[in-house]
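Participant: Structure provided below as structure tokens; questions to follow.
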Amino acid sequence: MSWHPQYRSSKFRHVYGKAASKDKCYDSVPITHNINDNHFCAVNPSFIAVVTECVGGGAFLVIPIKQTGKLDPHYPKVCGHKGNVLDIKWNPFNDFVIASCSEDATVKIWDIPNQLLKRNITTPKKELLGHARRVGLIEWHPTADNILFSSGYDYKIMIWNLGVMDAVISNPAKILDAHKDVVLSMSFNTDGSLLATACRDRKIRVIDPRAGTVLQEGSYKSHRVNKVSFLGNMKMLFSTGTSRWNNRQIALWDQNDLSVPLLEEDLDGSSGLLFPVYDSDTHMLYVVGKGDGNIRYYEISPEKPYLNYLMEYHSHLPQKGIGMMPKRGLDVAACEIFRFYKLIPTKSLIEPISMIVPRRSESYQADIYPLTAAAQPALTAEEWLAGINKGPLLVSLRPGSEAVKSLPQFPDQEPVTEATDLSQQQEEQGRISVEDTQKPREIERGRKRLKVEESLPENQQTCLSNGFDIFQCPPPKTESELLQMYYRQQEEIRRLRELVIQRDIQIKQLSLELRNLCMDTDD
């Protein structure tokens with residue numbers, strides 16, 4: 001009996017990190033010397049914000065993303081806090097709104113003007129007063145508008161509704177009092193219905209934030225957790241921490257069972273923290289080391305071995321913090337699938353690191369750019385607080401795509417009962433198909449085809465749904481799955497049209513050769 005090795009096929013096996021040239025970096029930036037274990041940097045397609053040093057309080061810089069090179073030493077700051085700034089986060093649905101938290105126990109919301117700053121900004125748009133001690137972490141909700149989470153050294157997580165008119169908000173919408181020590185990390189699942197936390201008491205918790213209940217709680221003696229992250233819709237959590245021998249360690253967990261990790265692995269003996277960064281579009285996980293210059297990256301799969309090591313980006317310059325560019329700010333022409341902004345305080349430098357898939361073709365590579373989260377909320381704050389869940393709105397990154405500007409809106413779906421036969425499944429899919437205003441004729445043709453299939457005998461009915469074998473790929477159950485299938489189908493139609501055109505050209509060439517051959521034989 002011969003042994004057959006198992007080979008994995010992956011589009012991201014050869015991804016490599018590419019540091020930006022000197023003129024594309026941000027030089028002479030006074031990066032903070034704070035020892036907190038945060039990113040200290042936030043990025044969107046318009047600005048890069050970085051926590052800086054400031055006498056008599058806390059401040060951060062907001063630099064236009066295209067203003068690279070040496071920074072003016074008198075460049076204006078955002079400096080309204082009375083203590084050191086500990087965390088900053090851009091609003092995912094507004095590139096000109098940023099939140100900051102500080103040792104002064106406040107959270108402030110700032111409006112950033114759409115031009116170069118000429119003077120310091122000292123007056124916030126809103127001020128959130130509720131924590132009794134310093135606030136160490138803030139996170140925006142991934143799908144609901146105007147919902148912000150803050151975590152303080154009073155062991156409480158507060159949920160704020162920023163949609164109210166008051167400039168000073170002292171009553172949070174909800175207070176989560178499930179922790180007995182400082183919260184070190186917060187992470188949402190895809191639709192924001194669950195919150196995962198890592199606490200200094202070495203426990204990982206999965207919390208329903210609206211009910212305030214702890215759904216899962218786990219601690220493992222050989223893994224002291226520091227950071228935790230949801231892995232999209234994989235139903236898994238990823239954590240970084242240290243082993244009992246003080247080695248840096250990573251672990252993978254089933255979100256429904258935190259008693260024992262699915263996977264546990266020691267990395268090295270360094271003392272710096274590890275930041276996990278997950279890209280749900282490509283299912284790639286990046287592990288960024290604080291205090292060293294390395295970025296390890298893996299590919300996540302739903303089956304064993306779950307974590308597949310790809311490669312490691314090495315640099316001799318250690319990073320203190322890291323910023324991540326949202327997908328809509330990437331250079332798709334260069335096959336860039338992720339971009340980090342690396343804080344190097346020893347050189348007062350911010351260095352962009354692009355993660356690139358090597359491709360020879362210069363055309364848009366649809367297979368490495370699936371639909372990604374749009375800069376539009378799927379819910380209002382009131383809807384989310386009332387208990388409604390929705391996944392993020394999705395857009396295509398194809399240049400010039402109309403879907404980037406506006407996405408087809410879905411009506412609220414009714415619960416779909418199980419279909420008893422294939423024709424009923426196809427009928428249900430026909431009801432929830434995307435009403436793309438740009439292509440009503442193609443949608444109408446698809447519906448007519450479904451009606452024809454329903455009228456066929458059972459043994460003649462097609463077994464394809466949205467271009468896929470339904471026995472291998474189940475019908476879409478969520479809006480995002482439906483959109484992904486729709487755009488895959490459109491891409492397949494385009495590819496088939498190109499093949500048909502090539503075949504027509506070949507047929508014409510062969511017919512001409514045949515005619516010439518016949519004329520030669522007649523002569």
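Heads up, the Cβ atoms here are built off N, Cα and C, so glycines get one too.
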Participant: Between 219-249, 405-435, which stretch does TrEMBL give the note region 'Disordered'?
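Facilitator: Spelled out, TrEMBL records region 'Disordered' over residues 405-435, not the other listed ranges.
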Participant: By a Cβ-Cβ criterion of under 8 Å, what residues six or more beyond either terminus of the repeat 'WD' (128-170) are in contact with it?
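Facilitator: Distant Cβ neighbours of the repeat 'WD' (128-170) are 36, 38, 83, 86-93, 99-109, 176-183, 185-188, 190-192, 195, 197, 209, 373, 377-385, 390-392.
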Participant: For the repeat 'WD' (128-170), what are the DSSP-based totals of helix, strand and coil residues?
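Facilitator: Each residue of the repeat 'WD' (128-170) counted once, the result is 0 helix, 22 strand, 21 coil.
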